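Asks: Can you read through this structure? Questions will come right after.
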Amino acid sequence: MPCERKPMRYGHSEGHTDVCFDEDGKCIVTCGSDGDVRIWESIDDDDPKSVNVGEKAYSLALKNGKLVTAVSNNTVQIHTFPDGDPDGILTRFTTNANHVTFNSIGSRVAAGSSDFLVKVVEVSDSSQQKTLRGHEAPVLSVTFDPADEFLASSSCDGSVAVWKIEEQVQVTNLKVLQKSSDVSNAKSLCRLAWQPRSGKVLAVPVDTAVQLYERSTWNHVSTLSDDSITQAINVVIWSPCGRFLAAGTVGGYLAIWDVESKLCVERQKHEKGYTVCGMAWHPSGGQIAYTDTEGCLGLLDGLSSSSSSSSGVTAKADKAAVSKEAKDYDDLFDEADDLPLDEGLSDTRSPAKNPVVADEEEDDDLMPLTGRPRNRGAFLDDDENSLDAGSVKLDKFGDDDASSAILPAAAPAVPRPVYEGPMPTPPQRPFQPGSTPAHLMHRFMMWNSVGIIRGYNDEQDNAIDVEFHDTAVHHAMHLTNTHNHTMADLSQEAVLLACEGTDEFASKLQCLHFSSWDTNKEWMVDLPKGEDIKALCLGQGWAAVATSGLLIRLFSIGGVQKEIFSLPGPVVCMAGHGEQLLVSYHRGTGFDGDQALGVQLFQFGRKKRQVIHGEPLPLSRRAYLAWMGFTAEGTPCYVDSEGVVRMLNRSLGNTWTPVCNTRENCKSKSDHYWVVGIHENPQQLRCVPCKGSRFPPTLPRPAVAILAFKLPLCQTATEKGQMEEQYWRSVLLHNHFGFLSSSGYEIDEKSQTQAEKEQQELLMKMFALSCKLEREFRCVELAELMTQNVVTLAIRYASRSRRMALAQRLSELALEKANQMQEEEQEDKEPTYYRDWRRSEQYNGRTSQEENGYEEEDEEEEEPQDEQMDTEEVTENRKHRLNPFNRVPRSPEKTSPKVVTKEGRVNPFKVSGPGKATAGQARVANVLDTMTASNRKPAVLSNSSKQNKSPVLKPLVPKPKSKTQATLLQMSASKASSKKQQEKETVEEKQKQSEEPAPPEDSVVKRRPQTGFQLWLQENRTAIQEEHPDLEETGIIKEAMSRFRNLSEEDRLKLIERAKGEVADPKKRKREEVESKDVDNEKETDENGAKKKKPLDTSAKLSAFAFNKN
């Protein structure tokens, strides 16, 4: 189809324009942003007639001598043609009307506006109007079905809706477009066009291709594309005969397709490359008029008519039949041609895919195209047109006469199987959290808690502005964007910028390290050829980028390349905070609108580790990831497209808990909140409210709103539900205190104490409410969450409420908590390797008592006869037990640390004499005095005996002397209460079944004694390591203990004597007598065949026994 491109003519001032022909084709009619409508007799007309219709004219339509214009005063006006006399206002909107069109006979006008409405107005009686509601963003274009039954409209909400005019309802909604906040920000005007005469097909410009949808079924039947088109198509028009389709693009390309053969028969380029925003086909079919955004008018002349070109088209269709077979399989995924799922898969005839590989990130809008009807029939029909060069599919296009003129008789179609299973979801594109889409001329490249990075890319300037919330960090910066950076991040140390690669240049990473103390504050890195940066982030002292090669590359903040590792799938986004890196990626293909994302969390401390190992990232149904990052306190969190905010719950195995739903705060379906930051203390969700869009404009500067967190618990309208929600929200949002302290950060102890106080107050309120409701079991459940002091208050409350059974259970729970606290504190003082060994050996049976100073606990009830066996010895030791403590002030270095741990702690539930009770004891005395002995007590005491094992392994890893002495000083301070404590322990000792010696107290600090086990371990360590080379220190000790138990009693005694001989000690004889006595006790124990429990304080008992001998 050879044609001639006429030179452009100046028509209007710079801005949006529109064009049409009159019904006879004698005049070209244009309108522009100057508010004028000009009537040209031809392209060469030097004096066109001008009619002023308003301040700005956005669209026009002409039919039956009526000229309809959409004007900037929010009205649709009507004028006579060609005179241009005003003929009234057809309809009004609350904002500008963006597009108007006539129906086929000129009796109705449809108009779409920025207030999301579409109106259909009768020309003869403007009071007869139909309003179509349903779009969630400004309407871009409207078009009538030739049969006047349906109307199609496109919108900034990313959808193309088809309406049944008379019933004013949507019959289908195609989610095929990129979303935007306004017409000025839209990537394309998306001018729809219905095929003339038959109306069988609706043409929809989608990115760089035109998609055709069949009437009634609304199935996607075909895609028209061309290699020359690399930018979004703005407008499409049909030829009057319905056989050809023309399109104009943002980049100034003009293309014409023969719809039947899907071949591009004409390509033209705007002489200056300006955006084509208006097109009209001459009624005769020989010319196409077009206008651009600079206000100029152009003309393509000499186009062949459909009849003269039909034979040529048929010949081309015959030649294309073979190559078309391979392309038909693409029909399954042709609706997602503009997404990276097709990278490397499409053939050269799919220009809708090829440009996206190079320009995939041009739009960062991240709207997955979900929920639209699919052409399921094409899935298994990969050679549907192989029967004949033009059969089967060709009858779907064009009018019946034209089709029958060129088609041979088609064979009857054979029914084929149809795939009815779930359809794959196009994968979400990578994006930068806190940024707006990349195709916008003015956009936010990053908005976070440090500052704002704005990008400007228009004809005047291509620059980047960096603004800091706190100017003390750094002053504002203005950077020239010479490398066309599209990604950015900002921290307290640096600005990180990146761009994708082109055919000539590699993808670049640029860092402005403004916190550097030297003079060179900038560095740049080129990535390997063919590898593009898709996402980036900054942390404390490091930077990370994710690339198209499924790699994550780490850099120091000064530019040193560090670790590099692979991702399991294409990256979606990244975020950094301190020493943490959070990465989300595609772990597979989602179905039925769901995204299949995975997440990894890395910790880059002194010891690098992976905290989350690629677990699935939970999203709402049919939602995609909209924002991901960290709270100001360092807790990972993210937001999906449904407005649900989820936060990492470290205390529940790194699960994700929903903490807020921003949609609950939106007044309209089209409103959204754009998240810019999250704080846990105070509890704030910082976001920008967006009216009618998903992201804000750069100017005027958006205001930041603060939303509150709310967990989605049940029945939050009730008092119980409100308190439960407040408690668990407080627990979740204050987990960061534990994480920060464990990571070595300073924390606000005052805030932590206040939070714990609030939580305990809420628990006490819920406890009181449950008491009133007579839910005593629930009261005990709540008390399990309380601290020991608050349980004491709960006991008093229950006693005053005359619920003695509840008070009794709470008293038992309080005693349990007290002992649990003692165990936890004791564990903190144990060597780590011994604690691990003790936990693993907890249920493995008895150990060797006399050599190692260990006895395994017995969790069963004590037998009466065993208790009688030890009565005399316990009584004797009790008489002399105070002696070592009386010597503490004079010789603290001779006291065993074991004594410290038990004697230095006061039992808050022991009833003391007058003047010696603490406040906690006084509170619960009235309840606890009447408590009966619980069967928990033996287990508690055995737990205490379990803690006494630590001194044996201490010589392997000695503690610092200063720490031991400090502990002994603490013990001295508790001397006043030691007497009562010892009396309590004497009673507890009666429940023990055996006693064992401990190392002498006076050698703990000066020189630690060597036991028989340690001597045996020194001699046999090499042999054990040779047999088990993979064992660590804990494993070696375990294996040695097992072997040492198997030695005969005689061998063990010999080792003990040898060990004693190696340590010079003036009290050696006394120690031997003690050990000899314990050996005899051990023999008796073995004969009885029962496991024995260890006394609460063997060191103190041994000291008393030694003084008794003196």
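Note: Cβ is positioned from N, Cα and C throughout, glycine not excepted.
Feature list, courtesy of TrEMBL:
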- 1006-1080: DNA-binding region (DNA_BIND)
- 829-841: compositional bias 'Basic and acidic residues' (COMPBIAS)
- 852-874: compositional bias 'Acidic residues' (COMPBIAS)
- 890-905: compositional bias 'Basic and acidic residues' (COMPBIAS)
- 929-948: compositional bias 'Polar residues' (COMPBIAS)
- 980-995: compositional bias 'Basic and acidic residues' (COMPBIAS)
- 1011-1023: compositional bias 'Polar residues' (COMPBIAS)
- 1056-1090: compositional bias 'Basic and acidic residues' (COMPBIAS)
- 1006-1080: domain 'HMG box' (DOMAIN)
- 9-41: repeat 'WD' (REPEAT)
- 132-173: repeat 'WD' (REPEAT)
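Could you tell me the structural context for the features on the list?
Replies: Residues 48-64, 67, 69, 71-72, 79, 81-82, 84, 277-284, 287, 289-299 of the same chain sit 6 or more residues outside the repeat 'WD' (9-41) yet have a Cβ under 8 Å from a Cβ within it.
Secondary structure by DSSP for the repeat 'WD' (132-173): 0 helix, 24 strand, 18 coil.
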Asks: With DSSP as the yardstick, break the compositional bias 'Polar residues' (1011-1023) down into helix, strand and coil residue counts.
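Replies: For that range the per-state counts are 12 helix, 0 strand, 1 coil.
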Asks: How many of the residues that make up the repeat 'WD' (9-41) does DSSP mark as helix, as strand and as coil?
Replies: 0 helix, 16 strand, 17 coil
Asks: For the repeat 'WD' (9-41), what's the mean pLDDT in this predicted model?
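Replies: The average pLDDT of the model in the repeat 'WD' (9-41) works out to 90.
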